[in-house]
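Participant: Pulled these from Swiss-Prot:
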| type | residues | note |
| --- | --- | --- |
| TRANSMEM | 15-35 | transmembrane segment |
| TRANSMEM | 50-70 | transmembrane segment |
| TRANSMEM | 81-101 | transmembrane segment |
| TRANSMEM | 103-123 | transmembrane segment |
| TRANSMEM | 136-156 | transmembrane segment |
| TRANSMEM | 169-189 | transmembrane segment |
| TRANSMEM | 209-229 | transmembrane segment |
| TRANSMEM | 246-266 | transmembrane segment |
| TRANSMEM | 275-295 | transmembrane segment |
| TRANSMEM | 301-321 | transmembrane segment |
| TRANSMEM | 333-353 | transmembrane segment |
| TRANSMEM | 364-384 | transmembrane segment |
Amino acid sequence: MTTNTVSRKVAWLRVVTLAIAAFIFNTTEFVPVGLLSDIAQSFQMETAQVGIMLTIYAWVVALMSLPFMLLTSQMERRKLLIGLFVLFIASHVLSFLAWNFNVLVISRIGIAFAHAIFWSITASLAIRLAPAGKRAQALSLLATGTALAMVLGLPIGRIVGQYFGWRTTFFAIGLGALITLLCLIKLLPKLPSEHSGSLKSLPLLFRRPALMSIYLLTVVVVTAHYTAYSYIEPFVQVVAGFSANFATVLLLILGGAGIIGSVLFGKLGNKHASLLVSSAIGLLLACLLLLMPAAQSETHLAILSIFWGVAIMIIGLGMQVKVLALAPDATDVAMSLFSGIFNIGIGAGALVGNQISLHLSMSAIGYLGAIPALAALIWSILIFRKWPVALEEQPHHG
């Protein structure tokens, strides 16, 4: 542990800067969801074809999270952060300039590489940089940065894209990253690598059936969500026939409802995590089934989005709590795996949505997304009954 000799103010500033970085990294992952139609238009492509960009990004992050974590495990953290930020910013400049769709995809792969390394080291960095005795708060700040990406990052990115073109959105994210990088260079001390967990802990984690079951649940439920969510923007405009502005409002509502979800989880998550997660999966299932019927009216879609946003936030937080509770001895590796598995789900959902939109009809994304959601609901009830107490959050000694 690096001895924390700096003032509390500086310690918090460091953590806040990391949280802002988390916000930026997650915004760029999700922002194409709000820009699909615009990108498709500028390259004369079908919206459904552009969606493959989400899958490529998510799967690169999923595949590279663990290898990158192991490759960089001995590197000094400050240098590593600066390096990955430079890659991140350069790739955004390339996105801004992308002269065809392939170049855009290549630039996104560069961003995904930076993303994979960033997520495998930030949680442990936030804990190290936090003021004494404030580890849990540091982690929750990081989680807030992540959550705000869905709540604010995506809709703001879409609004910028609507008024100034999607390229400007990517440029703005790159600019935000540059400012954050300058703050990190100024604020961060040298951070030699610590025991970040090595491959040795992998077999140990794979031998925990409860943890593996949570990972499986994560991938299935995330696939269900992203099957519909990836194409919500063209769905609102093409299938439901509402305006581009309403699509923006809907993304804001969906994200904003996540705040309600996180407050609910904060209040009830410690005691009733399992019940809360299963109920949220049931709620997600209902939202997906009702997506097409609700598309008759803007009000119905807006109300549905509130419940959908609450559900997905509770699911995401609940899974994280369970993973941390089941792997207190190897948090880096367990969270890196979690991030990888989450991204496999994002990529799979976006791919399923893409295939449905191309070969069936975009109006079916909700119904077909409901199939994995139903599987997830049944699976969650089974595993929470099998491992009831072990899965609730253990009191942390932070």
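From the backbone N, Cα and C atoms, a Cβ is placed for every residue, glycine too.
Keep in mind that what you see is a predicted model, and the values were worked out from it rather than measured.
Show me how these features fit into the shown structure, please.
Facilitator: Long-range contacts of the transmembrane segment (50-70) within the same chain, counting only residues at least 6 positions beyond its ends with a Cβ under 8 Å from a Cβ of the stretch, are 29, 32-33, 36, 39-40, 43, 101, 104-105, 108-109, 111-113, 115-117, 119-121, 196, 198-199, 226, 230-231, 332-333, 336-337, 339-341, 343-344, 346-348, 350-351, 353-354, 357.
Residues of the same chain lying 6 or more positions beyond the ends of the transmembrane segment (103-123) and with a Cβ under 8 Å from any Cβ of it are 18, 21-22, 25, 28-29, 32, 39, 43, 53, 56-58, 60-61, 64-66, 68-69, 72, 77, 80-81, 84-85, 87-88, 90-92, 94-95, 97, 139, 142, 196, 331-332, 335-336, 339.
Counting only same-chain residues 6+ beyond the ends of the transmembrane segment (136-156), those with a CB under 8 A from a CB of the stretch are 15-16, 18-27, 29-31, 33-34, 122-123, 126-127, 129-130, 248, 251-252, 254-256, 258-259, 262, 313, 317, 320, 396, 398.
Sequence-remote contacts of a segment are chain residues at least 6 beyond its ends whose Cβ falls under 8 Å from one of its Cβ atoms, and for the transmembrane segment (169-189) they are 2, 6, 10, 13-14, 17-18, 20-21, 24, 27-28, 31, 35, 77-78, 81-82, 85-86, 88-89, 92-93, 95-96, 129, 157-158, 160-161.
Counting same-chain residues at least six beyond the ends of the transmembrane segment (246-266), those with a Cβ under 8 angstroms from any Cβ of the stretch are 33-34, 147, 150-152, 154-155, 158-159, 162, 229, 232-233, 236-237, 276, 280, 298, 301-302, 305-314, 317-318.
Same-chain neighbours of the transmembrane segment (364-384): 210, 213-214, 216-217, 220-221, 223-225, 227-228, 231, 235, 274-275, 277-278, 281-282, 284-285, 287-292, 349, 352-353, 356-357, 391, counting only residues six or more beyond its ends whose CB sits under 8 Å from a CB of the stretch.
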Participant: Would you mind listing the long-range same-chain contacts of the transmembrane segment (15-35), meaning Cβ under 8 Å and 6+ residues beyond its ends?
Facilitator: 50, 53-54, 57-58, 61, 85, 88, 92, 108, 111, 114-115, 118-119, 122, 125-126, 129-130, 138, 141-142, 144-146, 148-150, 153-155, 157-158, 161, 166, 169-170, 173, 176-177, 180, 183-184, 187, 229-230, 232-233, 247-248, 251, 346
Participant: Which residues, given as numbers and ranges, are at least 6 beyond the ends of the transmembrane segment (81-101) yet have a Cβ under 8 Å from it?
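Facilitator: Same-chain residues near the transmembrane segment (81-101) but 6 or more away: 21, 25, 28, 39, 43, 45, 50, 107-108, 110-111, 113-115, 117-118, 121, 125, 167-168, 170-171, 173-174, 177-178, 180-181, 184-185, 188.
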Participant: By a Cβ-Cβ criterion of under 8 Å, what residues six or more beyond either terminus of the transmembrane segment (275-295) are in contact with it?
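Facilitator: Distant Cβ neighbours of the transmembrane segment (275-295) are 221, 224-225, 227-228, 235-236, 239-240, 261, 264-265, 268-269, 301, 303-304, 307-308, 310-312, 314-315, 318-319, 322, 363-367, 369-370, 373-374, 376-377, 380-381, 384.
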Participant: Would you mind listing the long-range same-chain contacts of the transmembrane segment (301-321), meaning Cβ under 8 Å and 6+ residues beyond its ends?
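Facilitator: Beyond its ends, the transmembrane segment (301-321) has Cβ neighbours at 143, 147, 150, 214, 217-218, 221, 225, 229, 236, 240, 242, 249-250, 253-262, 264-265, 269, 273, 276-277, 279-281, 283-284, 286-287, 290-291, 294-295, 335, 338, 342, 393.
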